[in-house]
Structures are given as structure tokens and as C-alpha cells.
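Annotated features in TrEMBL:
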type	residues	note
DOMAIN	11-206	domain 'Succinylglutamate desuccinylase/Aspartoacylase catalytic'
BINDING	21, 24, 116	Zn(2+) binding site
BINDING	63, 178, 288	N-acetyl-L-aspartate binding site
BINDING	70, 71, 164, 165, 166, 167, 168	substrate binding site
ACT_SITE	178	active site, proton donor/acceptor
DOMAIN	219-299	domain 'AstE/AspA barrel-sandwich hybrid'
């Protein structure tokens, strides 16, 4: 019944970001293609804008120029007085904020899809920032169902102390799309196809929603971040052990207490402590060596969404 559904405002403006990290090439390649020929991403009554977020990093095929663009969309950086002395990405963040934000502003974008690659074996991953967002849980359920039997995981980065300040966070509905494994500076056809399908299904969901389709209550399985785990280090702060072969490429798989995590050069195994099973993600991600993150521990839980419908038909 209609009365059981939450009425949400129609979606009018959508942005698709590629090149937030300039060496994650699937999003760069797709966005450049859609800038030339965007027919496949257009939907009736919907403005869809593909956009290269970090063109200087894309040109150099590097993650960033001065600092990570995907970690600086906070009040402090966005509020700094514009100056040539600011790091390039901070200046770029302010430009992006004025073009696409602010969140819930009259002319701001309703949804931002931010396209990323990972060197980790994470497959198709949707990144969720708010566990109470009925609209996005419904969208993710639709994407997961449409991709099946291809797995699609949901990574929930809601955390009391870990603040990301992502590029997409300036939208009412921020969506991170992460597909791997793919080396930095490389394009793989299978990864490109998977990301392309994820965007197609997401835009189809928005179109159906705007056209008046009612989505009944649903539930999705998500992996919520608990903490980030650094590599073991010596007295000089150098890495003293590597990801254990039993953990390598085992993203989303259960890691039990006592299971191997790291392996030292002299063959010593360092196991998971504690008494809780966790689910590792971003295992041995190349870009996270500088962030001192070997992997992130997550816990698996279920999120429920109320039924939704568009408030205007």
C-alpha cells in the first residue's frame, strides 16, 4: 500500500565522478567516454553529468598531486581562503564544492557516484556512508539484485571516530563505487564491464523511482568498518611483516581468531588475536601503504530499509 512507503523527493541531478584518484583508470576511461558520448547514461527527466575530478593527477597518472582529494571535503579545508599557496587538491575541492554542492542546496546535485579501483580482491563494492538512508539501501538492493549472480558487496564506513570527508559527501546521496582487483595505471576489460553495469543499474533504479515505481521494504547485508590494521613495524617504523598468503586476496572472507594475518621474513606467522571473527577488506591495498593500513576489519550485519516512492509523479 502507498501509505506504507516513505515519500522521497524526485532525483533531478546526478554526477558521475572519475579520476578522484588519477591512477584508478576505469572511472577515468568511462567518464572520458561519456563526456564524448553520454547516450548510455542519459535517462528521461534526469540531468546526468560525467566529470573528471582531479585532472592534474589524471594527466600524470598518479593518485594525487599534493594530498588525497578523497579525504579533504571537510569544513576546515572547504572553508580555507582560496590561494595559490593551498595544496592543489584543496583548491580543487573548493571548486568541486561550488560546482556540485553544498549538500541539500537549491542547485546542488542529489547523487554523486564516485568511481574507484582497488588493487585488493574486492570485486564489485558499493560504499555506504549512512546506515539509516532508506533511499540508498533501496538502490543498493536493486543493484545487487540486478548484478546477481555476480556478487556485489556493501562496505559501510559509518564510524564514530574514522572520518573520511569524501569527494562525494557533498551530495545528498553519496555513492562510492569500488571495483577490483586492478593494478594502478592499468585498465582491465572485466573490471570496466562490471563498473559500467553498476552505473547502468543505479541509473535504471533512479529512473524507475522517478517514474513512480514503489519499492517495498527490503534488507541488505553490509560489512561495517570496525578498525584499520597497520602492518607490524620495527623500532624504526619500517614494515616488519607482510600479508600472510592465507589472507592475501581473501577480502570479505571470515578471519577467525588464531588465523594467520602477517608473515615475517624469518617465517614467523602473526595471527589474529581477540575472540571475534572479522571480515577483512582492502587487503594489501597498494594505495594504503602510505596510510599505514594493511587491511580494515569489518563486521557483517543486516540493514533494513522502509518502502519508498517518489513524492511527485
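Just so it is clear, glycine is given a Cβ too, placed from its N, Cα and C backbone atoms.
What TrEMBL says about a protein is an automatic prediction, not a curated fact.
Recorded residues residue 178 (N-acetyl-L-aspartate binding site) and residue 116 (Zn(2+) binding site) have their alpha carbons 5 Å apart, per Cα-Cα distance. In this structure, the CA atom of residue 168 (substrate binding site) is 17 Å away from the CA atom of residue 63 (N-acetyl-L-aspartate binding site). Taken together, the residues of the domain 'AstE/AspA barrel-sandwich hybrid' (219-299) have an average pLDDT of 97. Residue 71 (substrate binding site) counts 17 other C-beta atoms within 10 Å of its own C-beta, drawing on all protein chains shown. Inclusion criterion for the binding-site residues 21, 24, 288: a C-alpha placed within 10 angstroms of the C-alpha of residue 70 (substrate binding site); this criterion is met by 21. The residues of the domain 'AstE/AspA barrel-sandwich hybrid' (219-299), classed with DSSP into helix (H, G, I), strand (E, B) and coil, number 3 helix, 34 strand, 44 coil.
The most densely surrounded of the binding-site residues 70, 166, 167 is 167 (count of other Cβ atoms within 10 A of its Cβ).
The Cβ of 178 has fewer other Cβ atoms within 10 Å than any other of the binding-site residues 24, 178.
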